[in-house]
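Enquirer: This is the structure, below, for whatever I ask next.
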């Protein structure tokens, strides 16, 4: 697995059960996965020689992020490495313009978009025309390289949009713009697909974003109609098949105020919106990704409970004086059923350093389970024991 | 953790979630835990220097087997190492005579027993007197060092018992004899205890033994009365407290044909009878052992389902021509809900090389879940797809 982050770390846990040890290409020995795997290659993910070293003798090569240059993957494929997902599929997770174009061709619902990759004055004109046509409901995006809110500028009007364009155009960042969708909430439809072509979809979840990154996941998405859930799963399975994805794919969706589904982003790897599966589904997303990448038949994606909530533990603005270890003690004392997953990362503001899963008992309400998950995660982040998320006041 | 076997391997999986990496003292780099942990010390478990190296800088030292010489542990304790369970407790898991005597003192139900550690002729006389008094319903045991049926001789009468004694007495093996209990089945009452003194008990399970070792575990023990289950849990919690156990303790019990409970063996570590908790309980025995050893509050021991069955994957008499990998492919295709845990071990007859957990859906019967678990494990062992365990003909 290329990348030594928490996704590789948790994939290693699942590799162990399958009788394997995950080899990790990590930038340094203190990255989350490098801390725990017996098979670590130290090197950069954009260094072809390091990639070759990591791939040597491996059954397959896969990823914990989208950052590997496509040309390197094509070179490895030409040398016979089983790159999974293959570069031809991963391309669409790396390049948002290519993704938008392909999804449009396939008839999948996407927001209106405009290519701003041309020369700057012409691109600026194109943005102005696009903004005027969409009442300046505009999101500016970097075509590649963004994650967790980076590379996305949600603008508040014409001046703001043009300022964001002027600040970012003409450099290394290739830009595009999209129509800001009148959304009710965000969903994620995660699937896995094997080389054999088998597909499997987990229940569709609701993702709650804060500061541009995933904060909370509600599984399944509360109140989502059976019809919408099936539609989302079918779109995700269809797209994985059309693109030839191997491994996991998260299709992030907007549910509009009118109940329509619109595709937002794609990720082809284990994904934050699937962390709930570690404790809440028969097959975790990490085991499933391995099963897909290694061409095993896929596992049962059923939820183990009617409601499961995942809340990310984020680094606080001011790191608490109380140690993580002490916070964990208190959490375990208060919530013996909380399932905590820590990544071995130092604390920095808004950095994902772990997550908590709460699996609801029969009859538990989403609000109750969510309140407990958010309280646990807030405690682990800040060492403040709040009432957590309040369904009456918070979002 | 001293010992690089499958118990350490699976403990490492749980350590990762707690933000840790398990340091393992393994005999060689190809042992199950050494294959997967980033922190391995190679050395012998009976070499004090190797133990010191493994303990250096560690918060606590614990075990995946009972084989570490007590004197070494006492030496480490004198040097300030947090040995968990402490030598004073572990002694009773290492020495069956000491265990029997202590349990008798505490008023816990044990089979009649006799010390055969003295000089051989006197011990032989003691055995004859004991055998005559118990109608030659006699089990001969090595006082220490036995596991998975080794060091236990279930004898068929006077001649057989004396032959077993004559074959084993006078050497390094210290012997004892016990009354063979008229048992209906075997149970295991697993608990964990923290240094703080908190205790937590999982549901009592039935263990099905074959060739002297655990083959199948039914959780919870089918048809066990609430009263007996509570009695077993209370005995186990009480004993863990009396002995000052830190970490997991499995109390293996006989349920007699009269419905009485009699203590058979003790193990103070994660135990085969607790493997079902990995997929079937809110807190797995491996996470719990770490929580106890690291003095965290203990986790919720509730089962996630009304019935969970674990079946060991054992090396077959004749290793199948079909590879483990291919067997796994077929199993996954047939049973997408089977949770497989492989240990990275080579196949030898009756060697524990992995296990399968099946978590029953609501309403599933023990027989159905057991049949599926046994079929899966038999397939993985032998590459023969049988009807598995048949409740009408098999035991």
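Placed from the backbone N, Cα and C atoms, the Cβ positions cover glycine too.
Bear in mind that TrEMBL entries carry predicted annotations, made automatically and left uncurated.
Keep in mind the model is a prediction, meaning the values are calculated, not measured.
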Enquirer: B:96, B:178, B:179, B:180, B:181, B:186, B:264, B:265 bind ATP according to TrEMBL; which of B:141, B:211 goes with them?
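Expert: Same ATP site in TrEMBL: B:141.
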Enquirer: Near residue B:186 (ATP binding site), which residues of its own chain have a C-beta under 8 A away, given they sit six or more steps off in sequence?
Expert: B:206, B:207, B:208, B:209, B:252, B:253, B:254, B:255, B:264
Enquirer: Among the binding-site residues B:178, B:265, which residue has the largest number of other Cβ atoms within 10 Å of its own Cβ?
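Expert: Buried the deepest by this measure is B:178.
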Enquirer: Please give me the CB contact count at 10 A for residue B:96 (ATP binding site), counting all chains in the structure.
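Expert: The Cβ of residue B:96 (ATP binding site) has 25 Cβ neighbours within 10 Å.
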Enquirer: Which ones in the same chain are close to residue B:180 (ATP binding site), with CB under 8 Å and 6+ residues apart in sequence?
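Expert: The list for residue B:180 (ATP binding site) reads B:111, B:134, B:137, B:138, B:139, B:154, B:155, given in order along the sequence.
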Enquirer: In whole Å, could you give the widest CA to CA gap in the ATP site formed by B:96, B:141, B:178, B:179, B:180, B:181, B:186, B:264, B:265?
Expert: 18
Enquirer: For residue B:186 (ATP binding site), what is the secondary structure state per DSSP, taken as helix, strand or coil?
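Expert: Its secondary structure by DSSP: strand.
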